[in-house]
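In what follows, a structure is listed as structure tokens, so that the remarks can point back to it.
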Amino acid sequence: MGRKTILLLIVGALGAYYVYTPLPDNIEEPWKLMWVTMCLKTITHLGHFAELLGISNSMDITGFFMSIQEVPPTSDENVTVMETTFNNVPVRIYLPKRKSETLRRGLFYVHGGGWCMGSAAFFDIDFLSRRTAVILDAVVISTNYRLAPEHHFPSQFEDVYNALKWFLSQDVLDKYSVDPERIGISGESAGGNLAAAVTQQLIDDPDVKIKLKTQSLIYPALQSLDLDLPSYRENSNFLGLTKSFMVKLWSGYFTTDRSLEKAMFFNQHVPVESSHLFRFVNWSSLLPEKFKKGHFYNSPTYGNSKLAKKYPGFLDVRAAPLLADDNRLRNLPLTYVITCQYDVLRDDGIMYVTRLQNAGVRVTHNHIEDGFHGALVYRGFKIGYRIENQYLSWLSENL
């Protein structure tokens, strides 16, 4: 066997190892998922390499490649698309072109991207916003917000909240012919986190007279106190969103200090003086039996209080909506939560469903047994269309 043949075999084996990853039997279109994951993995590795060389922050590199997928605000035969600012926050607005005899529904959408990536202009978000506007005959506001690592918590929260408050003012609703009694908020992943957080904040804001009718949270990130949930254990290396990457995103939301990332990875970042907060995220009491099976609850290992004093954001309810007490939760609007089986964030959403139900909130929980993180916005995947149709169907009936 010649050297070239041996070299080709080695390269082929390494390539197969890089591309191929064993997947559960119920995953639809596995090779398509592997291909997308390989692309994401390559971008992530390039980001890490650039950071090691001191060229740029890894998240900046990842964000750059994502920005390539942005599209301009182009109107079509069904929807008028425009960009403006709400209280100095850039937003993209989708207005149905067909005439309406009544005021339209309004939907305020928050994109995901780990608080450091993404945009309302991202192709998949733009596509979803257009489809939402057409199918629901709704005015869709897709908001942007400042991103890490240039901006940390609470900048993202403040931008989304300020844009939402602007939208909920009567003169703005009149301008876009939106029914003040039929307004909802939606968000996926980090956008789900921000949507849940601002919805809670609205409850106590005396300046906001118009309230939300619904909130839709799509595989949301809702807490960073306990990163040793069953879903983190089961899906720690699953394609798309690994535990290590999610920890990087969480810590990056608050700081570029790697000491917080390291402490979070080993679940040793919460100080003993904040131990009372664990009752809000205790999966042993909040998860249904099927999601606890085979897992044992580990009592918290407390960390150094210096981290919490330096970066108090991870203990703030505006960053971790699961930390809200029942008095606040019981006033939340009709809620729709999507969780995916193969997602480190699965148990965040399920625990929130349990807590909302215990507080008396009407909740619809759609658990996707063959789902994975990001499935909704993966264009071209059958599961993405299925989840999208279920999501829009729920909004059509409830908003």
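Just so you know, glycine gets a Cβ as well, placed from its N, Cα and C.
TrEMBL lists SER189, ASP343, HIS373 with the feature active site. Taken from TrEMBL, the feature domain 'Alpha/beta hydrolase fold-3' covers 107-261, 314-375.
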For the domain 'Alpha/beta hydrolase fold-3' (314-375), what are the DSSP-based totals of helix, strand and coil residues?
23 helix, 19 strand, 20 coil
Cβ neighbour count (10 Å, all chains) around HIS373 (active site) is 26
Taking the Cβ of SER189 (active site) as centre, how many other Cβ atoms lie within 10 Å?
28
Return the residues near ASP343 (active site), defined as same-chain residues 6+ apart in sequence whose C-beta is under 8 angstroms from its C-beta, sorted by sequence, else 'none'.
TYR219, SER231, ASN235, PHE238, LEU241, GLY371, PHE372, HIS373
